[in-house]
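Peer 1: Have a look at the structure that comes next, please.
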């Protein structure tokens, strides 16, 4: 399809689960904008510009992906970028009710904006950025769970502490 879609999140940091969803979305849609959100209610490990750069580096092999940072309403961002749909990953039943509510709200706010739900590959179903940060804070190894750019950024952060 020749549609632009948006996959939004804080991506703090981007994980292999996120990358799986992005890669699969690129096979379904002409352009995937990975919208890296500024969320004032969260204290991120990486700054907005760092997170956006990590997404861009991690997706550099995907020619139809663009990493863009944003703040404000996702519905407004989608309208500005002429997106036809949002991509959302659903790991399990815990995510479904919340994601359906978001989908309906964004549909109303952006006049018909659709949401496409993609479950992650089985090997990434349990994975979240929160878990990666926990492993990192406790000096664990995250190499198997995140793209190389994130491994390097975490190592650099650890070396500078």
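Here, residue 1 is simply the first one shown, and the rest follow in order.
Note: Cβ is positioned from N, Cα and C throughout, glycine not excepted.
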Peer 1: Since Swiss-Prot lists 10, 74, 88 for substrate, which candidate among 42, 158 does it give for that site as well?
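Peer 2: The one candidate that Swiss-Prot places in that substrate site: 42.
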Peer 1: Between residue 88 (substrate binding site) and residue 129 (ATP binding site), what C-alpha distance do you get in Å?
Peer 2: 15
Peer 1: Cα of residue 99 (ATP binding site) to Cα of residue 74 (substrate binding site): how many Å, rounded?
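Peer 2: Rounded to the nearest whole number, the Cα-Cα distance is 14 Å.
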Peer 1: What three-state secondary structure does DSSP assign to residue 74 (substrate binding site)?
Peer 2: helix
Peer 1: Return the residues near residue 90 (ATP binding site) by Cβ distance under 8 Å, restricted to its own chain and a separation of at least 6 in sequence.
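Peer 2: Expected: 96, 99, 117, 118, 119.
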